[in-house]
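Pulled from Swiss-Prot, these are the features on record:
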TRANSMEM  19-39  transmembrane segment
TRANSMEM  54-74  transmembrane segment
TRANSMEM  93-113  transmembrane segment
TRANSMEM  119-139  transmembrane segment
TRANSMEM  176-196  transmembrane segment
TRANSMEM  202-224  transmembrane segment
TRANSMEM  238-258  transmembrane segment
REGION    269-343  region 'Disordered'
COMPBIAS  283-293  compositional bias 'Basic and acidic residues'
COMPBIAS  314-324  compositional bias 'Acidic residues'
Amino acid sequence: MELAFIPSPSRGVLHLGPVPLRGYAFCIIIGVFVAVWLGNKRWVARGGRPGTVADIAVWAVPFGLIGGRLYHVITDYQLYFSEGRDWVDAFKIWEGGLGIWGAIAFGAVGAWIGARRRGVPMPAYADAVAPGIALAQAIGRWGNWFNQELYGKATDLPWAVEITSTADGRVPGTYHPTFLYESLWCIGVALLVIWADRRFKLGHGRAFALYVAAYCAGRFWIEYMRVDDAHHILGLRLNNWTALFVFLLAVLYIVLSARKRPGREAVVEPGAETAAGDSGSAADKDVKGTKDAEDAEGAEDGAEKTDASGATEAPEDTSGADEADAAKDAEGVTNGADSAKKG
């Protein structure tokens with residue numbers, strides 16, 4: 001008998017009046033907001049403009065959702081196109097079913113389009129948003145908890161998740177919460193990328209490649225624990241092979257990129273340059289205007305000093321002329337007196 005377990009929600013949908021709020025969709029939305037928030041902070045710290053990450057996310061997120069859904073439907077086509085299934089269910093994304101591989105691939109295409117429109121380098125943008133994507137995955141995985149899906153093998157561990165209703169016909173009970181394992185792993189991946197980026201100044205897409213490699217390593221062993229139906233190739237689940245292949249590509253990219261383009265590239269946005277130039281021009285104009293005002297004020301002070309000096313010197317000259325006239329008069333009087341004595 002289980003002493004403790006993680007209870008599953010009694011329902012995955014809450015109704016706010018006439019509006020249904022599905023737990024799966026809510027987790028995805030929260031994850032997107034967290035990814036954009038963290039990505040924006042990292043982008044600005046690298047020299048980019050605020051708002052660029054959100055603008056590019058407008059392209060990346062829809063592409064990612066479409067790609068994730070396509071990957072899920074293609075790899076699990078029997079759930080929608082086999083006998084007795086309704087193919088319309090393939091469009092019901094709110095009921096769950098997103099493949100992270102398709103989401104990352106198509107999301108990268110959308111981000112590339114958005115980055116080109118903004119004139120920013122795609123590798124630098126990918127490095128900035130990498131840990132945010134990992135956190136978004138950590139939050140999004142809790143959507144599986146709301147839908148009671150993608151759990152692992154049966155277990156009586158204290159942290160087992162209780163499954164009360166199963167759509168695949170399995171017996172209700174307690175199972176490994178693989179959604180929780182992957183959520184915690186993704187948080188660790190985000191912290192790893194942030195630390196490595198600060199420690200080694202990762203650039204040219206290497207921070208994003210590190211995120212991909214680290215996620216694939218965790219996904220490989222977590223995939224072994226899942227019991228949901230999946231295609232197998234040579235004894236391994238399809239997602240195991242995908243994780244292994246993508247992991248090798250990411251590691252190869254890190255090695256080759258570090259050799260060819262070491263260090264971190266400078267982020268220069270066209271809009272950021274213009275804004276900086278406008279600020280510089282305004283500052284130059286202010287300085288120039290201040291200097292002109294000071295020169296004009298100095299000229300006025302000089303004119304006032306000249307006038308005052310002239311006014312001061314004029315009385316001195318007049319006084320000198322008066323003294324000369326008085327001396328001549330005194331001399332005349334003296335000469336007259338002498339003449340009178342002689343006579």
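Using the three backbone atoms N, Cα and C, a Cβ is placed for every residue, glycine included.
With respect to Cβ pairs under 8 Å, the transmembrane segment (93-113) is most closely packed against 54-74, considering the stretches 54-74, 119-139, 202-224. Two recorded stretches are said to be in contact when at least 3 C-beta pairs lie under 8 angstroms, sequence spacing 6 or more; the transmembrane segment (119-139) and the transmembrane segment (19-39) meet this definition.
Using a Cβ-Cβ cut-off under 8 Å and counting only residues 6 or more beyond its ends in the same chain, the transmembrane segment (202-224) has close neighbours at 100, 104, 122-124, 126-131, 133-134, 137, 178, 181-182, 185-186, 188-190, 192-193, 196, 237, 239-240, 243-244, 246-247, 250-251, 253-254, 257-258, 261, 263-265.
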